[in-house]
Amino acid sequence: MAELHGNFSLLHRACTLLVAVCILHLSVVIFFYLRTYNIVARVQTPVASQYITTTSVPTTPEVATEGNKTLQYCPNTPPKLEGPLYVDFSEPVKLEGIMKNTRLALGGHFRPSECVSEQKVAVIIPFRDREQHLKYWLFYMHPILQRQQLDYGVYIIEQGYMEALKEYDYNCFVFSDVDLIPVDDRNIYKCYDQPRHLSVAMDKFGFRLPYNEYFGGVSSLSKEQYLKINGFPNNYWGWGGEDDDVYNRLTFRGMSISRPDHQIGRCKMIRHARDKLNEPNPHRFSRISQTKQTMEKDGINSLSYSVMSWEKNRLYTKVVVDIGKPPHL
Ligand code: BGC
């Protein structure tokens, strides 16, 4: 009987040890699994703080605003960010909900009421006949930009830099394709110490850069950075190349490109056929090879256009301009 009891307690101890080893093994496996998918890191660190480098934002001093109200600067990491987002282009979207957002002023202007945003951001969307894309863009982007606590205005326009500045002293310019939506709101649409390329992981390119020098899709430049490169080139007609020219300009002026982490910089493109009347520009490669010689005389200082109309609604300001015809036509 005693021998039986002894064997049983030995067996009991062996089983306990085996269960403990199994639990330990399982914990290690779960830990490494979560870490692979960035979940552990995300729980431990405040949202986005390790990825986002910002311009020299004061660390929360008090600032006085209109009237007798005293507000603080908005924090570097806005508190209401959600992280990865669900973005879907398979169903039509309705803008009525956002239209009723009383915090949006006419022309698609917004500024947070709870804090003072250090930057004034003009979001500029070059646009032609893409009403459906614009609808998705407005539907997804207004809530994101508001969670990012930006003081911003939306301009649907060519030559956006000049026209936006006629309205407000913007000090940051975000240039966005109308068909691109970020799928993570930690990708903050503002300006940084260096020019920022924001659309670094597009679904169209398998969530990676198509090439290291790629600066297309969505980018941001402070007013200072924009002036340093004499703005964007005007001598590109048709599709392609102008973003590569901007990249060249930035490097020739000694700047480097800042980018978010590939997880945070993911974005989705609305699939579409190539625009008619916007064929690939056959001269783009030779133009790109001459940026160094052309950038000083082709840019803001050579801009020539006439404004045809201004239209403002709750969600955006639309400016139609006449930029003339390509020189060879
Ligand atoms: C064009 C760019 C374009 C990129 C990705 C390049 O060949 O010059 O303008 O953004 O391809 O599509």
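Here the Cβ of each residue, glycine as well, is placed from N, Cα and C on the backbone.
All TrEMBL annotations are machine predictions without curation.
Copied over from TrEMBL, here are the features:
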TRANSMEM  14-34  transmembrane segment
DOMAIN    74-191  domain 'Galactosyltransferase N-terminal'
DOMAIN    196-272  domain 'Galactosyltransferase C-terminal'
(Q) Please count the residues of the domain 'Galactosyltransferase C-terminal' (196-272) that DSSP assigns to helix (H, G, I), strand (E, B) and coil. (A) 20 helix, 15 strand, 42 coil
Q. Under the DSSP assignment, what numbers of helix, strand and coil residues are found in the domain 'Galactosyltransferase N-terminal' (74-191)?
A. 27 helix, 27 strand, 64 coil
Q. Averaged over the domain 'Galactosyltransferase C-terminal' (196-272), what pLDDT does the prediction give?
A. 97
